[in-house]
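Enquirer: Following this message is one structure expressed as structure tokens.
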Amino acid sequence: MCSRTMASKTPVGFIGLGNMGNPMAKNLVKHGYPVIVYDIFPEACKEFQDLGAQVTESPADVAERADRIITMLPSSPHAKEVYTGANGILKKVKKGSLLIDSSTIDPAVSKELAKAVEKMGAVFMDAPVSGGVGAARAGNLTFMVGGVEQEFNAAKELLTCMGSNVVYCGEVGTGQAAKICNNMLLAISMIGTAEAMNLGIRLGLDPKLLAKILNMSSGRCWSSDTYNPVPGVMEGVPSANNYQGGFGTTLMAKDLGLAQISATNTKTPVPLGSQAHQIYRMMCAKGYAMKDFSAVFQFLREEESL
């Protein structure tokens, strides 16, 4: 297949208008693309209707009206349903369509979906993201893309409207592989930052001072300098808003579960990744499921008495 014309403003379908999908789709609108949207929750579509987007009744309806579609869904089962379900994309997909999945799902499921899409004469690429809700709003996401290399430029045309980094990783599934490795490291570093901050506070250090020292020292990481988990240390992050918004604990637990499956399948030891998975699963069981994953600091504080 040939790459599509650059800067083409033909309609783009967008399915999944949650915390990440909403600002991503809005950035496509800002760049002048006519957007055709669907979400399982109709209320999520209302503001897009007000922005002039077409609202549809199902993923199949999106596929009927657009030959370029981006999906942003919570998990592997959701992705399977949207692509191969009774009213899924593949029921009405056009030959030659480009389907880009920005969900974080099992790499094996991405490969399975790619085969189903290929049978319909269309192209599937996995393009999970890193950067969180703030980067989604600002259009500064990082996309990790797996799929047919000849189609990368066509995908990049759309993805650069929503992200500042678009990286080709290899065949289908490699984007997902990069994402779950990144999120496993993120989970481990967030727990480490929360532990260090908690210990320092108990030793009498001012949290802002400690964060400043960490961020000019060898302990510096994204969790300490950009997304600090301690309330009052930084503005504009979930810890400053009772851990609301951002990247949910339940989603982090899901991503760590994907890393565990991949580690098992490849016989790869991931002892810290396994421990992080258990910590986030415990958090979900103790009422933190809907809070941002940086709430691990709060969780550790509450666990001190045990």
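Just so you know, glycine gets a Cβ as well, placed from its N, Cα and C.
Unlike curated records, TrEMBL annotations are generated automatically.
Straight from TrEMBL, here's the annotation block:
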| type | residues | note |
| --- | --- | --- |
| DOMAIN | 12-170 | domain '6-phosphogluconate dehydrogenase NADP-binding' |
| DOMAIN | 173-299 | domain '3-hydroxyisobutyrate dehydrogenase-like NAD-binding' |
| ACT_SITE | K179 | active site |
Enquirer: When you measure from the Cβ of K179 (active site), which residues in the chain that are at least 6 apart have a Cβ under 8 Å away?
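Expert: Spatial neighbours, sequence-distant, of K179 (active site): T104, P128, V129, S130, M144, D255.
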Enquirer: Would you report the average pLDDT that the model assigns to the domain '6-phosphogluconate dehydrogenase NADP-binding' (12-170)?
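Expert: It averages 96.
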Enquirer: Per DSSP, what is the residue count of the domain '3-hydroxyisobutyrate dehydrogenase-like NAD-binding' (173-299) in each of helix, strand and coil?
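Expert: Split by secondary structure, the domain '3-hydroxyisobutyrate dehydrogenase-like NAD-binding' (173-299) comes out as 87 helix, 2 strand, 38 coil.
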